[in-house]
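*Asks:* Sharing the features that TrEMBL gives for it:
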type	residues	note
DISULFID	C196-C378	disulfide bond
DOMAIN	195-447	domain 'Olfactomedin-like'
SIGNAL	1-20	signal peptide
Amino acid sequence: MHLFSAMFLLVMLAVMPGEALYPRPEEGWEIYSSAQDADGKCICTVVAPAQNMCNRDPRSRQLRQLMEKVQNISQSMEVLDLRTYRDLQYVRNTESLMKVVDGKLKVASENPRSLNPKGFQELKDKVTQLLPLLPVLEQYKTDAKMILRLREEVRNLSLVLMAIQEEMGAYDYEELRQRVLLLETRLHSCMQKLGCGKLTGVSNPITVRASGSRFGSWMTDTMIPSSDNRVWSMDGYFKGRRVLEYRTMNDFMKGQNFVQHLLPHPWAGTGHVVYNGSLYYNKYQSNIIIKYHFRSRSVLVQRSLSGAGYNNTFPYSWGGSSDIDLMADENGLWAVYTTIPNAGNIVISRLEPQSLEVLQTWDTGFPKRSAGESFMICGTLYVTNSHLAGAKIYFAYYTNTSSYEYTDIPFHNQYSHISMMDYNPRERVLYTWNNGHQVLYNVTLFQVIKTSGD
Ligand SMILES: *[C@@H]1O[C@H](CO)[C@@H](O)[C@H](O)[C@H]1NC(C)=O
Ligand SMILES: *[C@@H]1O[C@H](CO)[C@@H](O)[C@H](O)[C@H]1NC(C)=O
Ligand SMILES: *[C@@H]1O[C@H](CO)[C@@H](O)[C@H](O)[C@H]1NC(C)=O
Ligand SMILES: *[C@@H]1O[C@H](CO)[C@@H](O)[C@H](O)[C@H]1NC(C)=O
Ligand SMILES: *[C@@H]1O[C@H](CO)[C@@H](O)[C@H](O)[C@H]1NC(C)=O
Ligand SMILES: *[C@@H]1O[C@H](CO)[C@@H](O)[C@H](O)[C@H]1NC(C)=O
């Protein structure tokens, strides 16, 4: 049993094979990479240079070293690539087996008596069959570390390039440097994607603090990358204007070192989110979304979310004017709400963070009044079926494929009244406000391995 849960706790990481290496003779050498997200595939590729003209340059010692590094990166990528390909088939086969065992395990844990000696032996055999998967998963963990090291190498590379540029003046290294920076950005985005996956589990809760009234909202910045450690707390769902800003999580726990922001317009609900140093919230008795910038203490933009119900017309099951729920995940900023034409079913819109314009909209078909709360992870909306005890994550809507599925992911609703639940992609935790308690959960994400050859 132990073995089994350990396997599920590992997040599988996949490295997508890149293209072959294309030396570019006219330039001598070149770095290239791409992080494709159109179909959810992530490709990290570094193209090796052709060894030529640079060797003749008397000042080329650093350059040669650079080329070697780039080649080293390419080789590492190829190794990762091969390994992925080799393990893929095996992991695929095992995946279906895992599903069977998981199902059996669930039945058994709900009804221990259903497991007779024969059933138990069967389960044991299945688990034994799964055993060889462990080293494969270990390998993926190692690969993930390798990618981290590659990232560091790329960062070093761009430092060396900058040094060379200073030494040699213009040349055409500026372009090269830009490419390296781009490579770094893309690798970062690859990393982000590699860490993405489907929600398969929620940890036990950790109560960080008991403060405020029954309903409220608290959060840290959801932007990636961000080193902003401030914590914001907004007590109540009705006409509030007071936002408390704590310097750190530790300060929040102790209720010390905070400043206050008095918002120019009151808020409705608890669906607020802090993204890239600004608070996005729903203005009281309207479907207007406001972007309030903390540093300048000013409203940068406000815009009506077209057609969105408000004023407690389409709240979550707990009420509280929770008509419009704003959230952020690995893919950006989102609004979850509903409209009269959508007959009260949950609508998801991706928002442009500067202008608050709607970029794209999905109709999930799930009635908002039957939802306890919802949160977004890696472009998937997860919906709970209640705000009360016994709630579980019941429904998932995949924006990448515009499809849904019913889920059965339990979590412990310790204080029996959740009025806010949001994922923070930077910390990979769920923030919740549960009956005057500020509670965190870890999440387990599971990624199925794909290759570009699919
Ligand atoms: C490239 O890899 C080889 C073998 O692992 C190593 O000896 C060499 O120092 C590396 N070169 C650079 C520039 O990192
Ligand atoms: C990057 O540079 C730092 C400082 O020079 C060095 O300690 C580190 O080992 C380098 N990392 C890689 C992967 O080359
Ligand atoms: C869509 O996203 C989910 C995770 O949120 C992932 O498991 C699934 O594989 C993705 N589907 C495609 C077709 O990329
Ligand atoms: C984050 O905010 C800064 C300015 O504060 C801006 O330059 C940057 O583009 C923003 N990033 C995103 C992804 O919105
Ligand atoms: C909002 O709802 C309250 C109570 O039902 C009502 O009195 C008020 O007129 C409504 N305001 C708007 C702008 O719809
Ligand atoms: C989440 O996991 C990390 C690492 O294991 C741990 O330090 C942290 O306390 C966990 N948080 C929660 C809310 O369980």
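Glycine is treated like the rest: Cβ placed from N, Cα and C.
Distances, neighbours, how buried they are, the whole picture for these features please.
*Replies:* In sequence order, C196, G197, K198, D329, E330, N331, L445 are the residues of the chain that are 6 or more apart from C378 (disulfide bond) and have a CB within less than 8 Å of its CB. A coil conformation is recorded for C378 (disulfide bond) in the three-state DSSP classification, outside any helix or strand.
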*Asks:* Within 10 Å of the Cβ of C196 (disulfide bond), how many other Cβ atoms can you find? Include all protein chains, please.
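*Replies:* Summing over all protein chains shown, C196 (disulfide bond) has 21 other Cβ atoms within 10 Å.
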